[in-house]
Amino acid sequence: MAAKNWTKETFTLNTGSKIPAIGLGTWQSQPNEVRNAVKVALQAGYRHIDTAFAYGNEAEVGEGIKDSGVPREDIWITTKLDNPWHKRVEEGINSSLKSLGVDYVDLYLMHWPSSTDPSDLKKHYPDWDFKDTWAEMQKLPASGRVKNIGVSNFAIKNLEKLFADERTKTTPAVNQIELHPNNPSPKLVDYCKEKGIHVTAYSCLGSTNSPLQSDKTLHKIAEAKGKSPSLVLLMWGLQRGTSVIPKSVTASRIQSNFELDGWELTDDEMKQLSSLPDRFKVCGDSWLPVKVFFGDDE
Ligand SMILES: NC(=O)c1ccc[n+]([C@@H]2O[C@H](COP(=O)([O-])OP(=O)(O)OC[C@H]3O[C@@H](n4cnc5c(N)ncnc54)[C@H](OP(=O)(O)O)[C@@H]3O)[C@@H](O)[C@H]2O)c1
């Protein structure tokens, strides 16, 4: 079978919508750099941009989209409901749409299963949790302002809780979670697949200053393929059936991270990368008022 041209591939969600396999991440992309990064990415052929209210850069992301000249309807935009906004879902989406300068987003995610009290970010609401938030989010697609709804940072335990709630009528279209060879979470990925939830891999390069960038196994494979370690990490994510959203504000990296057509990793290379001995998460839950991770592969 011929290797895929991943830059043109999409994954079909349980709603029938098609999410482009490769997107540009924008966490920690500063307002003065993200506008250009988004423009460069879209002009290089990316058709999927991942942002969030919490990144503080939705307005600049929106400007970058306009600067690119690529029609809005050709672009997949994901943004996320921030934790202190769980009781204000309507307000949250309206604020994001206004900042982005668009009248709909393709995917709206609950950023974390933490309904944080906005008057004290160390506290969780006593009378509200993510199940209540989801009940509100389910109303959004009917308005046309949100094409798909999903979750992020949901472990199996919390997905089970969500499904057990009688108000849950909509299965999340996507669960966006941390995935890279130091945190491959095969059980969670398989669970989502079984339930018809598409998985997007965040921190797919191992995030900022990643130890993965100097991993020996990764380098050996990258050398053998004649590809950069970053490209090998992205191909690993794609071949597992997850969409990937590498972040960069560097034009040359944005462009080179998109060289994902016409080559592939062998089963053995995939296996080697999935079996690295070092296991850890980059994005923990210690900063949240509630525990959301329950092991390295929930
Ligand atoms: N849902 C969530 O809770 C959540 C959490 C974390 C992340 N995310 C999303 O996932 C996206 C990706 O995750 P991430 O930002 O944590 O990290 P990442 O994409 O794994 O890694 C980004 C880092 O890699 C560098 N980089 C990019 N391409 C490179 C290349 N070809 N060679 C060497 N270094 C390279 C970037 O540097 P430069 O920018 O300086 O080029 C940056 O320091 C985020 O931006 C965000 O959109 C979501």
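Placed from the backbone N, Cα and C atoms, the Cβ positions cover glycine too.
According to TrEMBL, the protein carries these features:
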- 22-276: domain 'NADP-dependent oxidoreductase' (DOMAIN)
- Y55: active site, proton donor (ACT_SITE)
- K80: site 'Lowers pKa of active site Tyr' (SITE)
- H111: substrate binding site (BINDING)
Just going by other Cβ atoms within 10 Å, which of the recorded positions K80, H111 has the emptiest spot? H111
Average pLDDT across the domain 'NADP-dependent oxidoreductase' (22-276)? 97
Cβ neighbours of the residue listed as 'active site, proton donor' where a neighbour is any other Cβ within 10 Å: 23
Based on DSSP, name the secondary structure state of H111 (substrate binding site): helix, strand or coil. coil
